[in-house]
Amino acid sequence: MTTNLSRRPEPRVPASAPALEVRGLVKHYPGVKALDGVDLVVRRNEVLGLAGENGAGKSTLLKALVGLVRPDAGEIWVRGEKVRLGSITDAANHGIGMVFQEQSLVPNLTAAENIVLGSEGPGVRHGIYRWNTLRRLAQEQLDKIGSHIDPLARTDSLTFADRQMVEIAKVLRIEERTSHPPVIILDEPTSVLESKEIETLFTQVRRLREFASVVFVSHRLDEVLDVCDRVAVLRGGRSVGEVPAAEAAPAELHRMMIGSTGSDDHYHGAAAERRDEPRRPRLVVRGLSGRSFRDVDLDVHAGEIVGIVGVHGSGREDVCRALFGAEPTTAGDVVLDGEKLDLSGTRAACAAGVGYVPAERKTEGMVGPMSVADNMTLTKQKSRCTGPVVRPGKQAKLVDGWIERLSIRTPDRGTAIQRLSGGNQQKVVLARWLVAGDVRLLLLDHPTRGLDVGARSEVYRLLRELANQGVAMVLLADSLEEAIGMSDRIVVMSDGRATTEVAAPTGDKPTPLDLVKEMV
Amino acid sequence: MSTPVITTPAAEAAVTGRAGVGRRLTSFMPVIALVVLLAALTVADPGFLTLNSLTAAARTSAPLVVLAAGATLVVLCGGIDLSIAALCSLATVFFALWLPDAGGLTTVAVIAATAAIGAVQGVAHVLLRIPSFIVTLGGMSIFSAIALVISDAGPIRVVDRDATHWLTLYVGGVVPMAFVVALLVVVVVSLVLRLTPLESWIRATGYSESAARLAGAPVDVVKIAAFTVSGACAGLAAVMLVSRNFSGSPTMADNLLLPAVAAIVVGGTAITGGHGSLWRSLAGALVVTLLRVGLPIVGVPSAYEQILYGAIIVAAVALTLDRSKVLTIK
Amino acid sequence: MTVTSPADADLEVVHARRPRPRRGVSLRDAGPPVALVVVFGVFAALSPGFRTLSNVQNVLDAAAVLTVVTCGITFVLMMGSIDLSAPGIMGASAIAVALLVANNRNDNDFGLLGVVVAVLLGAGLGCLSGLALVTLKVPSFMTTLGISAVGLGVATLMFAGVQPNVSDRMLEGLAVERFLGLAHLTWIAFACVLVGWLVQRYSRLGRYAFAIGGAEEVLALSGVRVAPYKVAVFTMAGAFYGLAGVMVTSQLGAGLVQAGKGYDFSAIAAAVVGGTLLIGGRGGILHSAVGVLLVTVLTNGLVQIGVSPYWQGGVQGLIVVAAVAAAVIPQRRRNQVTK
């Protein structure tokens, strides 16, 4: 049952006004429109699910709701009253609190202190702690959610699930600031929990509904439908609709999240005329184990793009880094073109012809203040040197050639890379592995993260071209569509293991739903 | 657990011209300061701008230039070397003790020894993952202790002055040899950096160590090399000091730490790493030296020298710090 | 609904060991006290001179100044910052107090008031470090290095070439007169530890200093402004250094610019050896007090068994590097950035 949200709700009388209402929220980042006119209504005493793919604008919206991001346009109404949320304290004063995805507790304080942090009230008088009062205040909060945690336990000695309870208890402190029922936002609360703990959490969420409104964000659609009353869907920074949870199926939600598949055609089927000769795989991974993954097997042929999909915490990022020698492994063999790959460090990987494009482009992918040319030749120094000596002329020729080949838009090769747009930065990062012409395996960790549509399709074209030249690639895609569109084969990872493999040849692509079923 | 939520890169913060203005200003800062200082000193004492006093100033500055140049490499890599002065003191003791036996080879031996000591600090920093300022702070007190013990806490006279005589010569009768050597160090190290991939690697390490590592740059080797060169420079500076004082002493160079750090930051090398050069430290060292010799000329008691160093260091770091890199300042 | 499939898989996941909730001391906290007992035992076995009652008194008296300095630096370290300003601040306050009480340089005779002013001078200099840190965003090791130089400069100015000798009975008495076998200064050090412990346990300043070291960003997310607390911690540390400077003047009977030489490093050594992490968030006053005793026993014991006292600094250097390395090793990860 899809209700279209395009109509603008008229202001209502406060008595029946929704707990929280968002109208036409817009937030621009350079090159990206994170929020493009989002509308959202959170009713009183309901659990509202918020679904959307990576980059749909969920996290920006949540941050706007707790005053961490200032929207460029649009309004936020709380109980029929228009508000400006300039800080997290503002939001708390209006009864809006959030449990962050990355937990936000001070590990070395007691649970009690964390619960009252910043709003100690009578727990601290004239700068002096009154531990008994503090403990009582915290106990009251924990009682609200029926938790039996010792308030004086150090937070870092609690389990993850218990810490989450502490967070919820903490966020409920905003009740002390306002007489109205609060709005509690839970951002990806289940991503690191086990199934038993998830059940406990859901019990809490249902309990919260008795006296509060809850916004529940999760990647796992079945969970969203399980615990929520209503689900609102975001896509590309817009609200695309909402469904009552009781009547919806994950499939329907997913269709709304990704929209019509027609618009993504620019990379579908582009692999048409690739030669398809079966031979020994270029990369053979057997039983690779590390901190967050176990017994991973993986084959990648030359010219093949293998996508790895999985939810947050599936361990796929670490597998990718491990193959580049940037994450320790405990067991397993990796063979590249018949030779054992040395996983002891990044230099060995580079020397063996492995390339890696990190997800965090700004902090890990590029050296911001250095020039385009120096970034491009950072890895393959030999390509610009004669012996040990750098030849500026050689470098200039090489870099200019690649700037033209990849149509990188930059004033010149001496420009600091941080002045380029995201897409052009990413092309420079990719070019780093290509300049020497010896790359055999490319590990791509979210290569299109933060790029706009145009830049994305350019990166897609470039990757496809590289595949056609015989480079083997492992792709951690930003979205399922990207994984499906780009990959020849898709490996599904779940809880640190490669669970399933799905073939995705041109013309016979699996649907996102096929993959989702395997992922959760 | 708890990772900053606020600090997740909020935007594609495209760097615009605004940041460039500050950079451009700080890049000329040391030269401007040098010229202003010279002018001010000349006004205060018209007799200052003579060949004699300039030659004397250049000669005084030589050990400082060398010390600062070496430590600049470590700073460019994003670390700091607080042990240079103590290591330099230790090296003066080494020199005085070894001279009777090693003769002409003493200079080489001392520089090799300090280079090795620097390398050990680098290895400790890289392998044990101890912050560089702790390693070098520890080094500082260890070197001081060794120097005190082997010298029995007193100065050791250097009787044989032939070994250091060459440093007291004047090139063309005017330019002190020590200063020429200091210049040579700056020129040679700068050239080596410029002509090889080293500069790329050092800057990448300093600006963003994780990016450098993920690009396959030999971060660990580069860091150890920087500490090694820094150690070698401390040894060379020690030889220069001995050539002037005709003795080695366990505390001889201790008061050079602040001037050296001041020289680096006044030169505009960012304490956060990546941005800067040895040339800047050369200019910075000259500024500091001029301040030192100039303060008495304009009638300021030398006690203010320390206060000035303190203020200069804080101010210069504040001006050159790359704030985009440090999210929480500890 | 596509639920339930992962239930089985979930059971197989390797879980990190679950930490037991705890409130009191952990095994890790027991290390330094055990080391203290062991080191004490070893020296007692090796040296007959070490195991005398008078030597134990010596050790405690010798630890007094370092204890006070360490009380100050501990709060700074708990925040994850560093403080190298002790030598400068101590020098300034040492000269200041020598010039303010009865002395041979001027006619001042302010007695206790002079001591208070000297401590306030220390607090003021510490406050400057903190302000430079939070307003100019200069890392603390740089600001405090600068403030140390400023303090030494101020001390040199006041020194003015003539050493001020103290003739104030009260100040001289602190180092000489004894109560229960220990010098008054030692009791002052005990008092400082007590005050420091109360601040750490019961004041918002102390708890927030601890929290800043644990997760500064979380405090901001909870609506706490951390900057005032940082300045306050540096100010308090400065006050402790100021008091330490006064104590040195009392011991020497004269004000010296070099009164605080080496105390910055010794204090860091003591705090680190006691179990305070340089990245902040762990340790405390009692840890540091144990660390001070450990460092002092070690230096005293080495002298007793005939090692040159010049090695003192070297031993401290080694144990700092070793202690930091030992603390870092469990958290080592590949690709971790170390500055």
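The backbone N, Cα and C atoms fix where each Cβ goes, and this holds for glycine too.
These come from TrEMBL:
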TRANSMEM  B:28-52  transmembrane segment
TRANSMEM  B:64-97  transmembrane segment
TRANSMEM  B:103-123  transmembrane segment
TRANSMEM  B:130-150  transmembrane segment
TRANSMEM  B:170-193  transmembrane segment
TRANSMEM  B:221-244  transmembrane segment
TRANSMEM  B:256-274  transmembrane segment
TRANSMEM  B:306-322  transmembrane segment
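Take the transmembrane segment (B:221-244) and the stretches B:28-52, B:64-97, B:256-274: counting Cβ pairs under 8 Å, B:64-97 has the most. Of the recorded ranges B:28-52, B:64-97, B:103-123, B:130-150, B:256-274, the transmembrane segment (B:170-193) has the largest number of C-beta contacts under 8 angstroms with B:64-97. Simply put, out of B:28-52, B:64-97, B:130-150, B:256-274, B:64-97 has the most Cβ pairs sitting under 8 Å from the transmembrane segment (B:103-123). Of the candidate ranges B:64-97, B:130-150, B:256-274, B:256-274 has the most C-beta pairs within less than 8 angstroms of the transmembrane segment (B:28-52). Long-range contacts of the transmembrane segment (B:130-150) within the same chain, counting only residues at least 6 positions beyond its ends with a Cβ under 8 Å from a Cβ of the stretch, are 74, 79-83, 85-87, 89-90, 93, 97, 117, 121, 124, 250-251, 254, 257.
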